[in-house]
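Everything on this sheet refers to the single structure shown next.
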Amino acid sequence: MTSRWTTAVLDTDQPGGWAVARSPEGFLFDDNGVLFPREWLKRQDLSILAEHGIGHLDGEPVYLLELHSTSEVPGCNWKGLRAFMLDGDHTIYKVLGYAAQIGTWAREHRFCGNCGQAMTQVPRERAMYCQPCDLRSYPRISPSMIVLVTRGDEVLLARSPRFVTGVYSTLAGFAEPGESAEDCLIREVREEVQIEVKNIQYMGSQCWPFPHSMMLGFHAEYAGGEIVCQEDEIEDAQWFNVHDLPPLPASKSIARYLIDVYVARRLGHAEPVLPG
């Protein structure tokens with residue numbers, strides 16, 4: 001099946017196309033959505049920090065206008081990326097997720113981290129360049145392992161103090177330098193709840209642009225230990241029966257997918273599809 005959305009490095013000197021606008025408050029939208037005629041959008045009273053050509057949607061070029069600040073546009077409002085994730089149009093969310101990552105990266109790499117000189121966008125390449133240092137900086141992607149630990153009809157779920165009240169989720173953490181995905185998973189589970197795991201199975205991945213994570217999802221079986229929550233990181237962790245689960249993460253998340261797949265398998269139901 002052909003994807004409606006493909007990323008690309010587009011020449012911002014070319015006219016036309018569609019554009020999305022991102023400010024500190026999120027993305028601009030109106031009754032027709034988040035895509036605006038590019039030339040019209042650039043004529044509005046917007047504090048444009050930078051423009052990036054980011055790809056093609058249904059064959060049409062799409063650009064990002066990254067803004068210094070939030071501006072009022074008649075008939076329009078601003079909405080955060082997480083809200084778009086929950087809205088249901090997964091293709092538009094993928095466009096905005098990519099735009100958010102490119103905008104964040106470019107904003108954070110306006111100046112060279114080595115010498116402090118201003119960096120410039122490299123033509124036809126997704127990179128920022130410092131000429132005095134001959135240094136290129138590329139978009140950051142942070143690999144994070146996320147795992148559902150299981151024990152028969154039970155699943156191990158935990159909650160962070162940062163979670164929505166009452167919601168429990170799977171365990172997760174970022175990979176350290178020199179660490180394999182499996183080593184990271186084992187370490188994170190041990191650190192967060194002092195549980196040992198075995199029979200690790202890769203389940204899929206999901207881009208998580210908050211701001212630049214790549215979530216690698218796994219199932220793992222309980223191998224031993226008693227739950228001891230990591231101080232300041234895990235507020236509570238429990239074994240839950242698949243027939244009696246607490247409030248769970250949003251259905252579009254890979255955390256929810258990992259849980260739903262295991263529950264479906266235990267109950268003999270059809271397995272869900274991993275959201276993009």
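For all residues, glycine too, the Cβ spot is worked out from N, Cα and C.
The DSSP secondary structure for Cys207 (substrate binding site) is strand. Feature annotation from Swiss-Prot assigns substrate binding site to Arg82, Glu125, Tyr138, Gln206, Cys207, Trp208, Pro209, Phe210, Pro211, His212, Ser213, Ala255; the stated evidence is sequence analysis.
All protein chains considered, the CB of Cys112 (Zn(2+) binding site) has 18 other CB atoms within 10 Å. The Zn(2+) binding site feature in Swiss-Prot is assigned to Cys112, Cys115, Cys130, Cys133.
As annotated by Swiss-Prot, divalent metal cation 1 binding site applies to Ala172, Glu192, Glu233, with the evidence given as sequence analysis. Listed in sequence order, Ala158, Leu171, Gly173, Cys229, Gln230, Glu233, Ile234, Ala237 are the same-chain residues at least 6 apart in sequence whose CB falls under 8 Å from the CB of Glu192 (divalent metal cation 1 binding site).
All protein chains considered, the CB of Glu188 (divalent metal cation 2 binding site) has 21 other CB atoms within 10 Å. For Glu188, the entry in Swiss-Prot reads divalent metal cation 2 binding site.
Glu188 (divalent metal cation 2 binding site) falls within a helical segment according to DSSP. Swiss-Prot lists Glu188, Glu192, Glu233 with the feature divalent metal cation 3 binding site.
Taken from Swiss-Prot, the feature domain 'Nudix hydrolase' covers 139-262, and the record attributes it to sequence analysis. Per-residue pLDDT, averaged along the domain 'Nudix hydrolase' (139-262), amounts to 97 for this model.
The annotation motif 'Nudix box' is assigned in Swiss-Prot to 173-194.
For Tyr138 (substrate binding site) paired with Cys130 (Zn(2+) binding site), the C-alpha to C-alpha distance reads 12 Å. Close to the recorded Zn(2+) site, the chain also has Gly113, Asn114, Gly116, Gln117, Met119, Gln131, Pro132, Leu135: residues not among Cys112, Cys115, Cys130, Cys133 whose Cβ is within 8 Å of the site's Cβ mean position. Sequence-distant contacts (6 or more apart, same chain, Cβ under 8 Å) of Cys130 (Zn(2+) binding site) comprise Cys112, Asn114, Cys115, Gln117, Met119, Ser137.
For Pro209 (substrate binding site), applying a Cβ distance below 8 Å and a minimum sequence separation of six or more within one chain yields Leu81, Gly97, Tyr98, Ala100, Gln101. In this structure, the CA atom of Pro211 (substrate binding site) is 16 Å away from the CA atom of Ala172 (divalent metal cation 1 binding site). A Cβ within 8 Å of the Cβ centre of Glu188, Glu192, Glu233, the residues given for divalent metal cation 3, is found for these other residues of the same chain: Leu171, Ala172, Gly173, Val189, Glu191, Val193, Gln230, Ile234.
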